[in-house]
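Going by TrEMBL, these are the annotated features:
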DOMAIN    1-114  domain 'Na+/H+ antiporter MnhB subunit-related protein'
TRANSMEM  26-42  transmembrane segment
TRANSMEM  54-79  transmembrane segment
TRANSMEM  99-121  transmembrane segment
Amino acid sequence: MMPLLMLLSIFMLLRGHNFPGGGFIGGLLAASAIILQMVAFGPKTARRILPINYLMLAAFGVFFSAIWGLPALFSGLPYMQAFWLPEPIPGVGKIGTPVLFDVGVYLTVIGVTTKIALLLVEEPTLFPLPAMKSVPVEAEGEEVA
C-alpha cells in the first residue's frame, strides 16, 4: 500500500499547480503512507524502514519553500512572483517557482504530520516520569517507622 500512496502523493504534488492538489494534499498522502506503516508494523519498524529525521525534513521544506520567492526579489518583482521555464517538460507540464514552492510545502507537511504521529505512538522519551515509589499507608492507630 505504501508504494501506491507515495506514487499518488507525487502525482497530486505535480498536478497541483494546474488542478486541485498540490504540496499540501500530496504531503498528507505521503504522510498517510508512512503512518500506515507505523500502524501496521509499529513505530520502531517504520523508523527502520524510513530512517528520516522528520523535524529536519519539515525545516528543510520551509527553507526550500521560502527560497523560491527570492528570484523575484532579485529581479525587482514582488516576493513569490512566479517564474516559469519556457518549455514544458513532457509528462509533467510547465515547471516554475510555484511548483518548487509546492515541493517545499510537500516536504514540510510530511515532516510535521509524521513527527506528530510518531510522538503520539512512541514511548515518551523527552521528559520521562520518575518511577513511582510505594509509600506505606499508616494503619489506623499504628505508626510507620
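Just so it is clear, glycine is given a Cβ too, placed from its N, Cα and C backbone atoms.
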Restricted to the domain 'Na+/H+ antiporter MnhB subunit-related protein' (1-114), the mean pLDDT of the model is 89
Count up the helix, strand and coil residues in the domain 'Na+/H+ antiporter MnhB subunit-related protein' (1-114) according to DSSP, in that order.
77 helix, 4 strand, 33 coil
